[in-house]
Amino acid sequence: MTSNCRRPEHTAPPDLFYNEVEARKYSQNSRMIEIQTQMSERAVELLNLPEGQPCFLLDVGCGSGLSGDFLSEEGHYWVGVDISTAMLDVALDREVEGDLLVGDMGHGMPFRPGTFDGCISISALQWLCNADKRSHSPPKRLYTFFSTLYSSLSRGSRAIFQLYPENSEQLELITTQAMRAGFGGGMVVDYPNSSKAKKFFLCLFAGVTGSLPKGLGTETSDRAVSNQVQYSGQRCRFKGMKGKSAKKGRDWILEKKERRRRQGREVRADTKYTARQRKPHF
């Protein structure tokens, strides 16, 4: 699961790594914006929110507000928490619609019980596995975060974390602390056989457990979720995250149409022309 390049969390603490220069990339780099939007869309899909009903959501590690933009587009209200003031300054300059709060995940979530209808987090959770100070204990910081998050969520809601795990031991640490805090759920892996499109999502249930969602690009059946958080002990590697977007492929489109059919929506029948490449119009 280890990336070939040096991991950002090994470079500097998040409040220092995401400085003004790094923060500007998240408002100017079209590739970063596209990836962030795609992962936010998938996270919201995994939340399984009531259709057509605005919800109050928490965005942990909200950064410059790119994931929050998608939440606003979907008609939801949100609060974003991030440790980097530089990233939050970019979010303010972009005039995002959510409320913003400076905070360290490892210190816990300072919200009243049952405040939120769900939580998403994009590329932030793995930072808690690093000890940036002598006083930092990753297991304690993870437990503090998960226990306070569990309290701030309404019963029956979900928390979805897109993350880049470094190895199976890190996954075990994260999921064990989530289970201790009261969550049920497990890992959802999209496109597990693809080196470019593979994505990890930790899907947690607050109070009421259900069936763990299927990962995109898999044919595995739904698994019943016990109160034991599931994780994979398999060691595999991330390769470069660049390449063709998974959302442009035929497999992704067919998978999305099938999900909509299971939700009872009207979907056009599949034909040989489905997801075909069309020539540009001049």
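Sequential numbering from 1, following the chain as shown.
Using N, Cα and C of the backbone, Cβ positions are placed for all residues, glycine too.
Whatever TrEMBL says is automated annotation, not expert-curated.
Broken down by DSSP into helix, strand and coil, the domain 'Methyltransferase type 11' (58-131) contains 25 helix, 20 strand, 29 coil. According to TrEMBL, the domain 'Methyltransferase type 11' annotation covers 58-131.
The domain '18S rRNA (guanine(1575)-N(7))-methyltransferase Bud23 C-terminal' annotation in TrEMBL covers 204-280.
Here TrEMBL flags 241-282 as region 'Disordered'.
The compositional bias 'Basic and acidic residues' feature in TrEMBL is assigned to 248-257 (among others).
With a threshold of 8 Å between CB atoms, the same-chain residues lying at least 6 positions outside the compositional bias 'Basic and acidic residues' (264-273) that come near it are 254, 257. Summarising the annotation, TrEMBL assigns compositional bias 'Basic and acidic residues' to 264-273 (among others).
Taking DSSP states H, G and I as helix and E and B as strand, the compositional bias 'Basic and acidic residues' (248-257) has 9 helix, 0 strand, 1 coil.
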